[in-house]
Amino acid sequence: MSSRNNHIGDTTTQSYDDAEKGIYEASQQSLPVLPTPPSPVYSVDEKAIIQQVETVQPTPVTSPIHEGITPSSSTPVLTLASRNSPPSPASDDLKKPQGKPPAKPKRKVSRWILFQLWYNTYRKFFTIVVTLNLIGILMAAIGKFEYATNHLGALVLGNLLMAILMRNELFLRFLYIISIYGLRSWAPIWLKLAVTSILQHVGGIHSGCALSGACWLLYKIVDILIHHAKQHPSVIATGIITNVLVVISILSAFPWVRNNHHNVFEGHHRLIGWMGLATTWIFVVLGNAYDLKLGEWRLDAHSLISTQELWFAVFMTVFVLIPWVTLREVPVEVEIPSPKVAILKFQRGMQQGLLARISRTSIMEYHAFGIISEGRKSGCHYLICGVQGDFTKSLVDNPPKTVWTRELKFAGVGHASAMFKRGIRVCTGTGIGAALSTCIQSPNWFLIWIGSDQEKTFGPTISRLIHDNIEPERMILWDTKKRGGRPDSVQLLKDVWHSFGAEVIFITSNKAGNDEMMQGCLEAGLHAFGTLWDF
């Protein structure tokens with residue numbers, strides 16, 4: 001099992017990164033945020049908005065949603081009403097919380113909502129795949145599955161091939177292309193949502209097939225050992241070695257190992273997985289070349305080429321190699337606007353919704369980050385790397401001149417936003433890295449960004465990208481440090497949903513923020529897709 005979303009924006013391996021801490025620290029000491037005043041925030045009529053803003057009394061509990069990001073000398077003040085409109089007089093009061101308010105009551109969520117979010121499409125895929133394979137193993141054990149009796153190796157390799165496909169950059173990009181261009185012009189919203197959920201959760205097929213392949217492999221080894229008198233010792237030995245390597249590779253990808261010991265995951269899942277692939281080739285070739293009935297080796301090529309097992313092994317090898325063929329060491333410019341964040345600039349424009357995997361070495365420790373680009377013809381793209389672990393900290397402490405990356409980029413679930421007519425992209429902290437391209441490249445997407453001291457933390461480059469490409473009426477930038485706390489994110493999403501006419505919401509946040517918004521959206525009947533943590 002691999003981690004597809006493990007480091008998107010670098011926000012999933014911990015509860016939240018340094019660039020997001022202010023969101024949750026400030027919320028415990030800030031004034032309560034009341035619901036946003038109706039219509040002026042989202043109305044396109046700027047004159048009416050300004051008039052209504054001027055009537056707001058400067059009380060410290062007014063929601064200052066019109067102010068945009070914290071102003072500085074390098075970036076003009078961005079407001080939802082107008083770039084030149086004066087800031088709300090309530091802002092100065094809100095910067096100075098007066099007294100410690102009572103703690104915000106925790107939202108009560110029904111068990112049914114929690115179960116729906118827990119038993120998502122990922123777990124449904126996993127359950128279906130593993131259940132069907134276990135039934136097949138049981139039927140084979142009692143002699144009711146003739147195909148398994150004759151083609152145990154094909155069942156092993158077929159499952160492992162499907163597991164590899166579900167994590168392959170080229171295959172997933174193909175799935176996204178046929179889904180986007182095949183559905184966006186005619187499909188009803190329910191079908192688009194269903195397909196998006198499938199695309200986001202194909203990791204359940206990956207995990208289920210990997211585990212099932214290991215179970216079939218174990219069954220095959222037991223069967224070989226039972227009939228060891230007929231088998232050649234070399235077939236038995238390579239079978240046992242392959243089984244051990246595949247099991248270690250799978251165990252190393254369990255969430256606890258992957259999230260808490262990432263380097264262990266990288267070394268074991270990738271390198272031992274490659275060793276397992278090599279021994280699989282030997283096992284397949286030897287197993288098919290040895291004639292059990294005659295007790296001798298068959299040396300004719302036809303008998304080997306005509307077997308299913310060989311072609312499964314061929315395609316496994318091809319799809320494992322494809323991403324690595326595109327591996328390049330490329331130049332990078334590093335901007336460090338604050339000790340919490342590094343902004344990496346690369347050549348070449350990109351589509352929205354893609355992820356880049358980068359490393360200081362050619363083989364080990366790859367991390368995925370959302371790509372920010374103004375479009376394919378823009379000439380460059382950016383990654384926002386929030387400081388969390390050793391790798392991201394080294395980008396700030398010792399900025400590289402070059403990094404290794406795969407030129408074939410991975411499609412994240414945000415790539416599916418091209419299927420929908422109008423939507424909301426909400427993110428917290430460094431999640432802006434995965435969200436911003438969608439709103440830059442499509443005028444039909446609304447950006448909500450919640451973060452602490454946004455402009456100072458993320459610098460002028462990100463501010464320029466936002467100011468130059470997104471109209472004020474199409475964004476809300478909520479600076480928790482300036483406003484004294486975070487908003488009621490669920491109420492904010494409800495307001496924007498109705499005023500903007502959205503069809504779907506894509507969320508990129510830490511686990512606490514993701515859970516809060518996903519629970520609220522499901523309860524309110526809003527179609528939302530959040531950050532995925534593979535289990």
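Positions of Cβ are set from backbone N, Cα and C atoms, glycine also.
Remember, TrEMBL labels are computer predictions, not curated facts.
The annotation region 'Disordered' is assigned in TrEMBL to 1-39 (among others).
Among the features that TrEMBL reports, compositional bias 'Polar residues' is placed at 1-16 (among others).
Summarising the annotation, TrEMBL assigns region 'Disordered' to 53-105 (among others).
Annotated compositional bias 'Polar residues' per TrEMBL: 53-62 (among others), in sequence order.
The compositional bias 'Polar residues' feature in TrEMBL is assigned to 70-85 (among others).
Feature annotation from TrEMBL assigns transmembrane segment to 125-142 (among others).
Within the same chain, residues 133, 136-137, 139-140, 172, 202-203, 205-207, 209-210, 212-213, 216-217, 219-220, 223, 246, 280, 283-284, 287-288, 308-309, 312-313, 315-316, 319-320 sit at least 6 positions outside the transmembrane segment (148-166) and bring their C-beta atoms closer than 8 Å to a C-beta of that stretch. The feature transmembrane segment is assigned by TrEMBL to 148-166 (among others).
What TrEMBL records for 173-191 (among others) is transmembrane segment.
Counting only same-chain residues 6+ beyond the ends of the transmembrane segment (203-222), those with a CB under 8 A from a CB of the stretch are 1-2, 4, 121-130, 133-134, 137, 140-141, 152-153, 155-160, 162-163, 166-167, 239-240, 242-243, 246-247, 250, 253, 532, 534-535. If you look up TrEMBL, you'll see 203-222 (among others) marked as transmembrane segment.
Under 8 Å from some Cβ of the transmembrane segment (234-256) lie the Cβ atoms of residues 1-3, 160, 210-211, 213-214, 217-218, 220-221, 224-225, 228, 264-265, 267-269, 272-273, 275-276, 279-280, 282-283, 286-287, 290, 533-535, all in the same chain and six or more residues away from its ends. The transmembrane segment annotation in TrEMBL covers 234-256 (among others).
Here TrEMBL flags 271-290 (among others) as transmembrane segment.
Under the heading transmembrane segment, TrEMBL lists 310-327 (among others).
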